[in-house]
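Take a look at the structure set out below.
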Amino acid sequence: MGQPVASRGRAATPTIGKAMLNKYARAFFTRVLTPFAAFLIRRGVSPDTVTLLGTAGVIAGALVFYPRGEFFWGTIVITLFVFSDLVDGNMARQLGRTSRWGAFLDSTLDRVADGAIFGGFALWYAGGGDNNVLCAVSIFCLASGQVVSYTKARGESIGLPVAVNGLVERAERLVISLVAAGFAGLHKFGVPGIQVLLPIALWIVAVGSLVTLIQRVVTVRRESAEADAATAAENASQGSGAAS
């Protein structure tokens, strides 16, 4: 859902451009959504509930509309529910409940939502869209997006910084795909030729995800070798010190 703007407890290492965008976007959405978040708190709604409902909405938008070729309305529904990721983070901050659990839940459900979106594309191309190549590309986007996220999480779990974000992160994958899907859906309103945007976007996401995966694997390999060399040097130094 909304990684680039706000989430509960997740850290990021954006580029300067992304950091500037995040700064102004965060300030804007905080002003807009704070009253609504406060209203939900007064009604006894928890941040976790908002997270779960938001994910359910994204899944419904993707798997109900996209397989039928209703890309415009599906994207509208998904976009509306994506804002839940900003609301739950705002609520958590107001309640002083930012936690590891919230960060874990957000990240986990983000992966589920991503899978539903690209799964919806795959179902369309496997059915009414009748294009096996684009079905395969959609499945690749789904799988590669999950693996790209896993490489960073796994690298960090073994103590490596994984000091690279890569060419196409989750935010870029979603923006490219959803914007293209929304515009492609205008074909049903009589806009000719615009449906070609979605296949182009899927190819861009697929290639970008592959490049990002390679970037992260290479980075983890280099950092791992450096860490192993540093450990070996430290052990050798301690061994020589003990011998003397």
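Backbone N, Cα and C atoms are what each Cβ position is placed from, and that goes for glycine too.
What Swiss-Prot annotates here:
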{"type": "TRANSMEM", "residues": "24-42", "note": "transmembrane segment"}
{"type": "BINDING", "residues": "ASP48, THR49, VAL50, THR51, GLY89, ARG93, SER99", "note": "CDP-1,2-diacyl-sn-glycerol binding site"}
{"type": "TRANSMEM", "residues": "49-66", "note": "transmembrane segment"}
{"type": "TRANSMEM", "residues": "72-91", "note": "transmembrane segment"}
{"type": "BINDING", "residues": "ASP85, ASP88, ASP106", "note": "Mg(2+) 1 binding site"}
{"type": "BINDING", "residues": "ASP85, ASP106, ASP110", "note": "Mg(2+) 2 binding site"}
{"type": "ACT_SITE", "residues": "ASP110", "note": "active site, proton acceptor"}
{"type": "TRANSMEM", "residues": "117-137", "note": "transmembrane segment"}
{"type": "TRANSMEM", "residues": "174-190", "note": "transmembrane segment"}
{"type": "TRANSMEM", "residues": "196-214", "note": "transmembrane segment"}
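Positions of the features from Swiss-Prot, shown on the structure.
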residue: ASP48; record: CDP-1,2-diacyl-sn-glycerol binding site; contacts (Cβ under 8 Å, 6+ apart): ASP88, GLY102, LEU105
residue: THR49; record: CDP-1,2-diacyl-sn-glycerol binding site; contacts (Cβ under 8 Å, 6+ apart): none
residue: VAL50; record: CDP-1,2-diacyl-sn-glycerol binding site; contacts (Cβ under 8 Å, 6+ apart): LEU40, SER84, VAL87, ASP88, MET91
residue: THR51; record: CDP-1,2-diacyl-sn-glycerol binding site; contacts (Cβ under 8 Å, 6+ apart): SER84, ASP85, ASP88, GLY102, LEU105, ASP106, LEU109
residue: ARG93; record: CDP-1,2-diacyl-sn-glycerol binding site; contacts (Cβ under 8 Å, 6+ apart): none
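Between the transmembrane segment (49-66) and the transmembrane segment (117-137) there are 3 or more Cβ pairs closer than 8 Å, counting only residues 6 or more apart in sequence, so the two stretches are in contact.
Cα to Cα, SER99 (CDP-1,2-diacyl-sn-glycerol binding site) and ASP110 (Mg(2+) 2 binding site) are separated by 17 Å. Take the transmembrane segment (24-42) and the stretches 72-91, 117-137, 174-190: counting Cβ pairs under 8 Å, 72-91 has the most. If you take the Cα of ASP110 (Mg(2+) 2 binding site) and the Cα of GLY89 (CDP-1,2-diacyl-sn-glycerol binding site), they are about 14 angstrom apart, rounded to a whole number.
Pairwise Cα distances among ASP48, THR49, VAL50, THR51, GLY89, ARG93, SER99, which the record gives as the binders of CDP-1,2-diacyl-sn-glycerol, peak at 15 Å. Summarising the environment of ASP88 (Mg(2+) 1 binding site), the number of other Cβ atoms within 10 Å of its Cβ, over all protein chains shown, is 30.
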